[in-house]
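**Student:** Please see the structure below; I have some questions.
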Amino acid sequence: MTSRWTTAVLDTDQPGGWAVARSPEGFLFDDNGALFPREWLKRQDLSVLAEHGIGHLDGEPVYLLELRSASEVSGCNWKGLRAFMLDGDHTIYKVLGYAAQIGTWAREHRFCGNCGQAMTQVPRERAMYCQPCDLRSYPRISPSMIVLITRGDEILLARSPRFVTGVYSTLAGFAEPGESAEDCLIREVREEVQIEVQNIQYLGSQCWPFPHSMMLGFHAEYAGGEIVCQEDEIEDAQWFNVHDLPPLPASKSIARYLIDVYVARRLGHAEPVLPG
Ligand SMILES: NC(=O)C1=CN([C@@H]2O[C@H](COP(=O)(O)OP(=O)(O)OC[C@H]3O[C@@H](n4cnc5c(N)ncnc54)[C@H](O)[C@@H]3O)[C@@H](O)[C@H]2O)C=CC1
Ligand SMILES: [Mg+2]
Ligand SMILES: [Zn+2]
């Protein structure tokens, strides 16, 4: 199967193609969705911070207009990326997820982190450049571990105070400098619930553009300890029987995939596929 969407660095001097507009209030959309004819979009009254060519959708070039702020465009509205993930077409979500990561990076790398001077876009490469420092800044990706811990028919799920009421999920956390993926996983589990794990197994990864996580998903078995929740981060954590689970995270998340894979194996059902 060929993919409908491929990323690419495109020359912004070339006319035509599609464009998406992104502001702190999300993406611009109308009845036809979030992709607009680029020349039309550029004629609207938008406060453009940066323009990047981001790839091809069904063979057509796609550009991003990263805006300083949301402005009024007749017949259009603004909507966050999460809403596009939950109710939209998955390919469009992939386009917008990539656009969001490039937009965040473009917004945050207008100036050199070393000398403070304005940086310039490098042609044919996804990089911002400071000539005096000879410094290149590339889009940032934050590796994050996510793990389902199990004990026979039971799985450990936890709630962050930020979650939708009632929903429980797997544990997750960002890698720190100096750590392997396994070191990070063991540290995060200790910090968040004070338990020990063993037999760590990698299951797959997922790009999570909120704002730039690369989720590495694992299964691990319980090895010892009693649950003690980390103050402020974990509101509640419990062992749940696979036959009696609480409300779970959205179906497209790797958190949900890790849970669904284990439950399927336990109950002898067909295994789910990890959404890209
Ligand atoms: N796709 C999925 O199924 C899921 C994705 N996630 C994502 O995983 C990531 C990590 O999960 P959390 O529990 O929030 O992390 P965490 O357990 O490491 O705690 C968050 C704290 O980490 C620090 N932090 C924030 N950004 C950071 C960065 N880029 N690098 C290092 N430290 C940083 C901050 O102090 C923040 O309060 C988040 O982006 C979250 O959205 C979490 C659960 C499910
Ligand atoms: Mg966490
Ligand atoms: Zn510099």
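The first residue you see is number 1, and the count goes up from there.
Cβ from N, Cα, C; glycine included.
Annotations per TrEMBL:
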| type | residues | note |
| --- | --- | --- |
| BINDING | Arg82, Glu125, Tyr138, Gln206, Cys207, Trp208, Pro209, Phe210, Pro211, His212, Ser213, Ala255 | substrate binding site |
| BINDING | Cys112, Cys115, Cys130, Cys133 | Zn(2+) binding site |
| BINDING | Ala172, Glu192, Glu233 | divalent metal cation 1 binding site |
| BINDING | Glu188, Glu192, Glu233 | divalent metal cation 3 binding site |
| BINDING | Glu188 | divalent metal cation 2 binding site |
| DOMAIN | 139-262 | domain 'Nudix hydrolase' |
| MOTIF | 173-194 | motif 'Nudix box' |
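On this model, are these features tucked inside or out on the surface, and what's nearby?
**Tutor:** The number of other CB atoms found within 10 A of the CB of Cys207 (substrate binding site), across every protein chain shown, is 15. Secondary structure at Cys207 (substrate binding site), taken from DSSP and collapsed to helix, strand or coil, is strand.
In the three-state DSSP scheme, Cys112 (Zn(2+) binding site) is classed as coil. Sequence-distant contacts of Cys112 (Zn(2+) binding site), defined as residues of its own chain at least six apart whose C-beta falls under 8 angstroms from its C-beta, comprise Ala118, Met119, Cys130, Pro132, Cys133, Leu135, Ser137.
For Ala172 (divalent metal cation 1 binding site), the count of additional Cβ atoms within 10 Å of its Cβ stands at 21 [all protein chains shown].
In sequence order, Met145, Val147, Leu171, Ala172, Gly173 are the residues near Glu188 (divalent metal cation 3 binding site), counting only same-chain partners six or more apart with C-beta under 8 A.
DSSP assigns Glu188 (divalent metal cation 3 binding site) to a helical segment in the three-state reduction.
In the predicted model, the motif 'Nudix box' (173-194) shows an average pLDDT of 98.
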**Student:** Quick check on the binding-site residues Glu192, Glu233: which one has the highest count of other Cβ atoms within 10 Å of its Cβ?
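**Tutor:** Answer by Cβ density within 10 Å: Glu192.
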**Student:** Rank the binding-site residues Pro209, Pro211 by the number of other Cβ atoms within 10 Å of each Cβ, and give the residue at the low end.
**Tutor:** Pro211
**Student:** Which binding-site residues from the set Cys112, Cys130, Ala172, Cys207, Pro211, Ser213 come near ligand 1, judged by a Cβ under 6 Å from any of its atoms?
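**Tutor:** By the Cβ criterion, which requires under 6 Å to ligand 1, the hits are Ala172, Ser213.
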**Student:** Which residues does Ser213 (substrate binding site) neighbour through Cβ under 8 Å, counting only same-chain ones at least six apart?
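**Tutor:** When sequence neighbours closer than 6 are ignored, Ser213 (substrate binding site) has Ile141, Ser142, Pro143, Ser144, Phe174, Cys207 within Cβ distance under 8 Å.
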